[in-house]
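S.K.: Quick one: structure below, then a few questions.
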Amino acid sequence: MSSETVVTEIRGKLVTTGASVLIELEGKRIAKISPFDHQESNDEELWIAPGLIDLQINGYAGYDLNLSDSSMEERIETIRLMVDKVLESGVTSFCPTIITAGYEQIYDSMTALRLACERYSVVDETILGIHLEGPYLSDQDGPRGAHPKEHIRDPEWTEFAKWQYVSGGRIRMVTIAPERSGAIAMIRELARAGVLVCIGHTAATHEEIAAAVDAGARMSTHLGNAAHLQLPRHPNYIWSQLSEDRLSASIIADGHHLHPSVIKVIARVKQDQLVLVSDAVHLAGMEPGIYRTHVGGEVELLPSGRLQLVANPLMLGGAAVSLSECVQCFIRFTGTELSEAIGMATIKPAKLLGVQQIGVVEAGYWADLILFAWDKSDGSISVRAVIKRGKQVYSKR
Ligand SMILES: [Zn+2]
């Protein structure tokens, strides 16, 4: 684990402007940003960006948030260890994502997240809110993705309220399929409660999607994935979400979940309403091989980072690359400027969630920062240092 040294100043090229700056930190916050003449220094000049913000992480580096058959103590420690690994990847804030499971299982996951936040300040400061993805989803093969069919069901407010209570009010995002019985009323209630409602894992009609948006849904979860292998040419739920101007969209731009042409089209259509997510599962960052998971039985992680179901290699079993890798894929596929692509993984998700004080490098904001090298020729981003609330939690020389 990192030594967590206190940082008082950093120098580098600000990703938003390209200007060389000296950033002074005071405690956990950015105190002052001033111009800096890099010519005086012989070091390689690194880029400075806000720490990345990921709205969808299921697990990382072998640590799984959607554990079953584990003691509460094991769950809490798993969360703590996972947060450390996520921080090292350059993501300084994220939404742990709890997927479809039985009532008790989700209840325990929510409890563990609350207890981990109460016990460890770094966990509390890194977790923006919980993303509940399921169980109110489509049970059709394709839209269902790798969510266990036996636990998929219609929305029920009292059930959700118990999970929300035991999480300490931390559920800030819910992904729901609008076509389920009671979904529209549920969306209205969630939106009224200030929860970011997302459409996803759905086989909804055009009208059902419109009704969900009227009721307060504001985002599409990993648009283009969790879909049938074949769709009517039009209308279909992908066109309907693409064309709905009131919907932002998240995408998994890992090079496996969406063809580059689709990423380019979604980027052009959604423009500044697009956010990048990793949707990383616990196998992200692990060695290639065949693994057994509760999500989709046996899955195979290929050297390319593609994670597929052994029983049906056409179906993906989640994502296994970090958000910084998604940013570089996105730039490669769309030709988007570095600063804009970084914005889709920092300020835009922060705004969608309504979180202040992060996602921007500005005096007064939290000192959540990354330093990275960027190779313009192949777009590769190499995270060299991560600062979380004024402390260096990762560095690679
Ligand atoms: Zn999903």
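Just so it is clear, glycine is given a Cβ too, placed from its N, Cα and C backbone atoms.
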S.K.: With N225, A226, R233, H257, L316, G317, G318 listed by TrEMBL as binding substrate, identify the candidate in A116, A146, A161, A385 belonging to that site.
M.R.: A146
S.K.: Let me know which member of E125, E133, E298 TrEMBL also records as binding Zn(2+) at the site of H201, H222.
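M.R.: Same Zn(2+) site in TrEMBL: E133.
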S.K.: Summarise the model's confidence over the domain 'Amidohydrolase-related' (48-393) as a mean pLDDT value.
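M.R.: Per the prediction, mean pLDDT sits at 95 for the domain 'Amidohydrolase-related' (48-393).
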S.K.: Please go through the binding-site residues A146, A226, R233, H257, L316, G318 one by one and keep those whose C-beta falls under 6 A from any atom of ligand 1; give the result in sequence order.
M.R.: A226
S.K.: To the nearest Å, how far is the Cα of L316 (substrate binding site) from the Cα of E133 (Zn(2+) binding site)?
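M.R.: Approximately 17 Å lies between the Cα of L316 (substrate binding site) and that of E133 (Zn(2+) binding site).
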S.K.: Considering only the recorded positions E133, H201, H222, D279, which fall within 10 Å of G318 (substrate binding site) when distances are taken between Cα atoms?
M.R.: D279
S.K.: Given the binding-site residues H201, L316, which one has the fewest other C-beta atoms within 10 angstroms of its C-beta?
M.R.: L316
S.K.: For the substrate site made of A146, N225, A226, R233, H257, L316, G317, G318, how many Å separate the two farthest Cα atoms?
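M.R.: Maximum Cα-Cα distance: 26 Å.
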